[in-house]
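Pulled from TrEMBL, these are the features on record:
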type	residues	note
TRANSMEM	44-66	transmembrane segment
TRANSMEM	78-99	transmembrane segment
TRANSMEM	138-159	transmembrane segment
TRANSMEM	186-204	transmembrane segment
TRANSMEM	216-238	transmembrane segment
TRANSMEM	250-271	transmembrane segment
TRANSMEM	310-332	transmembrane segment
TRANSMEM	432-458	transmembrane segment
TRANSMEM	464-485	transmembrane segment
Amino acid sequence: MTTGCKSGYGELGSLRLEMMWSHWFAWTVLGLSREKVATYWRRLYVGYSILINLLVTIGYPLHLGLALFRSPTQTENVLNLTIFVTCFTCALKFMIYSYNIGKVSEIERLLVKMDMRVSASGGQIIIYKQLRRNQRMLLYLFMGIYLPVGMFAELGFIFQKQRALLYPAWFPFEVEFWSRMESANINSLIFFRSHWFAWTVLGLSREKVATYWRRLYVGYSIVINLLVTIGYPLHLGLALFRSPTQTENVLNLTIFVTCFTCALKFMIYSYNIGKVSEIERLLVKMDMRVSASGGQIIIYKQLRRNQRMLLYLFMGIYLPVGMFAELGFIFQKQRALLYPAWFPFDWVNSTRNFYIANVYQIVGISYMLLQNYVNDCFPPVNLCLISAHIQMLYIRFEEIGKGRTQNAELELEACMTDHKRLKELFRLVESFISLPMFIQITVTGINICIGIFAVIFYVREPMYWAYFLFYCLALSLEIFPTCYFGTDNEFWFGRLHYAAFSCDWLPQKLSFKKKMLIFTECSLKHSTAIAGGMLRIHVDTFASTMKFAYSLFTIILRMRRSSQSHQND
């Protein structure tokens, strides 16, 4: 049956179930819910509880305390002192609550008896509704406390100039050793590790799986992609515009368009996944030409910072959107799904089916977010790598003829070969990302318009309001890095002929000068990545997309006003 609408779940429920479920969930994760775990899992759960509390409840404050006042700067010493005091106090309070956890069951028993005395009509139900609002405000308050603190601590860590820990602390091994080892290696492929991990989970890494696991992996890939890549957008699409409220209809429309676009891009990338190995082969050859000293290594270190910022950017895009969507789901007054959708069974009147539907939606959206990560992050990562290698080639051109032991003509030929490889790499990446980027740029303008329209006219719940705002921001940030590095590629490719004339070419042989002129003529050709054969992957295109979203919004707004005026007449 079609189950795209909500049902009444009973306004008056047990306080124990309504108000304490989040605490029991937290206590279960923290290892305090031994009595609520099934008997056959109890020993394993006790082992988990002992291990996690030794490592974190005791170990975390300890590893901070052992580094107190040992940092080189006063800022780090004060940061370490505040976080140590906070963590020590938290651990101490937690151990006291753990000792008295048995009293919670007695509290629940008394609350259940009090609930039985509450009448579901008159003044008592008004007080109960006020209680629900107060409990919700308490949750928002504590979220508002913890999220900014954690966010600014993380941002302070991200923007450090040198490699450092999140908090100054003691470890039983040498941290700086790994920093020196990692910075000494020139390896562009390390930036693809997270993408290959994601592709492995998503079922696209058949060639990298051991032979004896390959058939099982292919079966896993087929099943997971049928259930999620195809099934998830389908189960959302079948419930379009069937919800009782406009907020739910708009929410369903935006998430359907996003998931459908994500699945479409993923299938295109899946079809062309073989090109990634060719991209890696060319990058390995370019890495072999990088000198581990001078200006080139400075550019490589800047590349590492840029890649780290890209990773944090996309994490910062997906986490708030997912968090506010989940919170909007949690604080719904009636039993409902995470997103309005169709299921072939009755989830409204069956608790078991309700949990099956919600598990599918939560797991499915997590899988779609992982798809979205590789879809959106892989293009700017590649363009950023190409941009860095162009800049390093620029430096190699400038250094031709300035070394006494260097054969200038051979070095010029090597640089010309590097330029040829970079062009090949650029065209390969362009062919890989062209159609998905065209789809993304087109859909971004439409979805931003829908999101803004929803915020202004339909959405009233605070969590959905925050969700749509972050959703519009996320859509903009998804395409901006790719457009930015596409512009950067065009700029640096266009400057290579200046680098050729910056070398020591005057005292060189005639054959050298002829080769340099040939290279200069070849480098004058513009190199601009094109999405779908029509749109430049450029900052100008990003600006045009935002203008398109605004223009579309004004058109819809005028149509809405016109229809309202006709109705009034």
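A Cβ is built for glycine as well, from the same backbone N, Cα and C atoms used for every other residue.
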Among 44-66, 216-238, 250-271, 432-458, which stretch has the most Cβ pairs under 8 Å to the transmembrane segment (186-204)?
216-238
Go through the chain and flag residues at least 6 beyond the ends of the transmembrane segment (464-485) whose CB is under 8 A from any CB in it; none is fine as an answer.
247, 251, 254, 310, 313, 317-318, 320-321, 324-325, 328, 376, 379-380, 383-384, 386-387, 433, 437, 440-441, 444, 447-448, 451-452, 454-455, 537-539, 541-542, 545-546
List, by number or range, the same-chain residues at least 6 past the transmembrane segment (432-458) whose CB is under 8 A from its CB atoms?
246-247, 250-251, 253-254, 257-258, 261, 264-265, 268-269, 272, 275-276, 279, 375-376, 378-379, 382, 465, 468-469, 471-472, 475-476, 478-479, 482, 529-535, 537, 541, 545-546, 548-550, 552-553, 556-557, 560
